[in-house]
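Engineer: Got a structure here, written out as structure tokens. Questions coming.
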Amino acid sequence: MRVGERVADALAAGRPVLACESTIVTHGLPTPRNLAVAREAEELVGSLGVVPATIGVLDGEVVVGLTGDELSRLAGSPGVAKLSARDLPVAVATGASGGTTVAATAHLAHRAGIRVFATGGLGGVHRGAARTFDESADLPALAALPLVVVSAGVKSVLDVPATLERLETLGVTVAGYRTHAFPGFYVADSGHRVGQRLESPEQVAAAWRAARDLGLPGALLVANPVPAAEQLPPALHDAALADALAALDDAGIGGQDATPFLLARVRAATGEASLEVNVAVYRHNVALGARIATALAGR
Ligand code: PSU
Ligand code: MN
């Protein structure tokens, strides 16, 4: 694993660093928008005085803090792999390139000494999981990694209440950011409640500190809803989601292709409106992540 120079310097000096995921670049957003969004996110983080560390794999090298050139190579390589944590060893051995999922990014961020990680929406329990056993490795990864993870809840293509139950079972601390309404990624409110809430980056930092002091092993998931004014209109969201789920069923797609397929279908069904929401979600999450990283620095 190579830690980029700026990231390594910041970590050594105790300055704030924010880890960012790359599956959103390789599988979540269409080219060339994917690169623009990743760059804008890094600029936003930098403007808040925090060093961004986008994590990914290039030609078998695991990189924490991709350079601008490396990010552009990853964003411009169609068909690269989607790498969860368990996929990393073979990717390294075979010289593969890929975007890292939340599970893989969180693992690598922690290994590099980064404490805060921002993503769009977490993976979770897929609909029909009682039959298929399809539950994202994101969930057990967060159970074992002492990070703050900022996300707009879990992707609404998932079984949201089942995912909340699994987060509870796995001992992942979940707090709504200034809300009791668990976000639904594209929509501010998934219709499910989150029992606890945190009101400021300082309070998130205090909760993270408490988790460490108490010897708890897992992540603190900060569920940050997209502002209602920027969400996908709920009726449009529900119709697009129904269409996507039906198409998934018809196409017989499952496993790690399910999430990218569903998100692409939602995008097509909303005339790209969901793409703009996805970008807004990500922008708000990296901004909050940067503020939390700042509040945590030196704690
Ligand atoms: N964003 C996308 N497509 C994706 C993902 C994000 O547009 O596939 C990834 C995230 O990285 C998340 C992962 O960690 O999907 C979960 O996928 P799975 O259910 O296969 O674990
Ligand atoms: Mn899966």
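Cβ coordinates come from backbone N, Cα and C, glycine included.
For reference, TrEMBL lists these features for the protein:
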- E21: active site, proton donor (ACT_SITE)
- K82, V102, S136, A137, D138: substrate binding site (BINDING)
- D134: Mn(2+) binding site (BINDING)
- K155: active site, nucleophile (ACT_SITE)
Engineer: Once K82, V102, S136, A137, D138 are set aside, which residues in the chain still have Cβ within 8 Å of the Cβ centroid of the substrate site?
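Structural biologist: Near the substrate site, beyond K82, V102, S136, A137, D138, sit T23, S84, T101, A103, A104, L122, G123, A141.
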Engineer: Taking ligand 2 as the reference and 6 angstroms as the Cβ limit (strictly under), which recorded positions among K82, V102, D134, A137, D138, K155 are close?
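Structural biologist: What lies within reach of ligand 2, judged by Cβ under 6 Å, is D134.
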Engineer: How many Å separate the Cα atoms of E21 (active site, proton donor) and S136 (substrate binding site)?
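Structural biologist: About 15 Å separate the Cα atoms of these two residues.
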Engineer: Counting Cβ neighbours within 10 Å across all chains shown, tell me which of the recorded positions K82, K155 comes out on top.
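Structural biologist: Of the recorded positions K82, K155, the most buried by Cβ count within 10 Å is K155.
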Engineer: Under DSSP, is D134 (Mn(2+) binding site) part of a helix or a strand, or is it coil?
Structural biologist: coil
Engineer: Which whole-number value in Å describes the distance between the Cα atoms of D138 (substrate binding site) and the residue listed as 'active site, nucleophile'?
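Structural biologist: Distance between the two Cα atoms comes out at 12 Å.
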Engineer: Does DSSP put K82 (substrate binding site) in a helix, in a strand, or in coil?
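Structural biologist: Once the DSSP labels are grouped into three classes, K82 (substrate binding site) ends up as strand.
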Engineer: Rounded to a whole angstrom, what is the largest C-alpha distance between any two of the residues K82, V102, S136, A137, D138 that the record assigns to substrate?
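Structural biologist: Taking every pair among K82, V102, S136, A137, D138, the longest Cα gap is 13 Å.
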Engineer: Where does V102 (substrate binding site) sit by DSSP, helix, strand or coil?
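Structural biologist: Note: V102 (substrate binding site) is helical by DSSP.
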